[in-house]
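J.: Positions annotated as disulfide bond by Swiss-Prot: C40-C279, C271-C277. The topological domain 'Extracellular' feature in Swiss-Prot is assigned to 1-43, 107-123, 187-191, 272-280. According to Swiss-Prot, the topological domain 'Cytoplasmic' annotation covers 70-81, 146-165, 216-248, 305-332, on the basis of sequence analysis. Residues or ranges marked as transmembrane segment by Swiss-Prot on the basis of sequence analysis: 44-69, 82-106, 124-145, 166-186, 192-215, 249-271, 281-304.
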Amino acid sequence: MNSTQPLGMHTSLHSWNRSAHGMPTNVSESLAKGYSDGGCYEQLFVSPEVFVTLGVISLLENILVIVAIAKNKNLHSPMYFFICSLAVADMLVSVSNGSETIVITLLNSTDTDAQSFTVDIDNVIDSVICSSLLASICSLLSIAVDRYFTIFYALQYHNIMTVKRVAITISAIWAACTVSGVLFIIYSDSSAVIICLITVFFTMLALMASLYVHMFLMARLHIKRIAVLPGSGTIRQGANMKGAITLTILIGVFVVCWAPFFLHLIFYISCPQNPYCVCFMSHFNLYLILIMCNSIIDPLIYALRSQELRKTFKEIICCSPLGGLCDLSSRY
């Protein structure tokens, strides 16, 4: 997925980046000189150290999320199980991008005999990235469905969303996404595969949007119905809406961070020879950075929106070698 490979090197997701190669001579020359009308130059270079650093940060943050959910029994609920699945997907996307940078660096510095082996490894990493992307989308959709049930089927929720069903759902998501991700990379040279991936992305977003339109339009009506019941129904419903708002933020960040990459794919198949499309595609590495930033931002959203998760984060950090930071923060 990372495009720091030499010109003319086409492997799996790398072949989806035509901004620096595979273009007609006149367009290539325009890029080489700098496309003055659009302010474009050759493929934007991002230091490999940036990819590796972001990968490490994402790894640490998302491991913290996974450990926190596993450690705190108060977080053993369907929503947090799906968040855990999303954290795994985010971690794999970001770490795989960082690892791929190392692989491509080795590819550029090794002999021709070793390149075929390195390309195979690169294809495996790309399969992980593609599978994790699909798992991220499916996990977000699962959280949306879970929030929908908590609001519209509050009284039957615990009978509908059992731990067993959640486990089966998560397992099915990862099995299907793994198979799909591998197939996408195997047939990545086909435009039909790219169209299919784009279609999956926008279809999932449309499904989530439709759930949210219905959810927020009807939320007040259901809050009024729950309010007449004995107990703390209103409080419970308010917590459910808070979870829905959290997911709205997650989806918004996901769209902002992933949309440029999918727009790149749309340009790749629709106008690969247009100078303006080439201009947009010349920033491919920047779009990869945005994708990795999504994996870093998500854990921060969890922490800001969940007091229980924030509390567990602090407990874990205080028990780690960084525990001295807790003493320092308590003094101020």
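Note that Cβ sites are derived from N, Cα and C of the backbone, with glycine treated the same way.
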J.: Which residues, sitting 6 or more apart from C277 (disulfide bond) on the same chain, put a CB under 8 Å from its CB?
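T.: Same-chain residues close to C277 (disulfide bond) (Cβ under 8 Å, separated by 6 or more) are F267, S270, C271.
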J.: For the transmembrane segment (44-69), give me same-chain residues lying six or more residues beyond its boundaries with a C-beta closer than 8 angstroms to one of its C-beta atoms, as numbers and ranges.
T.: 2, 4, 75-76, 80-81, 83-84, 87-88, 90-91, 94-102, 104-105, 282-286, 288-289, 292-293, 295-296, 298-300, 302, 309, 312-313, 316-317
J.: Determine the most Cβ-crowded residue among the disulfide-bonded residues C271, C279, using a 10 Å radius around each Cβ and all protein chains in the structure.
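T.: In terms of Cβ crowding, the pick is C279.
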J.: When secondary structure is assigned with DSSP, how many helix, strand and coil residues does the topological domain 'Extracellular' (187-191) contain?
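T.: In the topological domain 'Extracellular' (187-191), the DSSP-based counts are 1 helix, 0 strand, 4 coil.
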J.: Using DSSP, what's the helix, strand and coil tally for the topological domain 'Extracellular' (272-280)?
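T.: The breakdown for the topological domain 'Extracellular' (272-280) reads 6 helix, 0 strand, 3 coil.
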J.: State the residues, same chain only, that lie 6 or more residues beyond the ends of the topological domain 'Cytoplasmic' (70-81) and have a CB under 8 A from a CB inside it; answer 'none' if no residue qualifies.
T.: 143, 146-147, 150, 161, 163, 166-167, 170, 243, 308-309, 312, 315-316
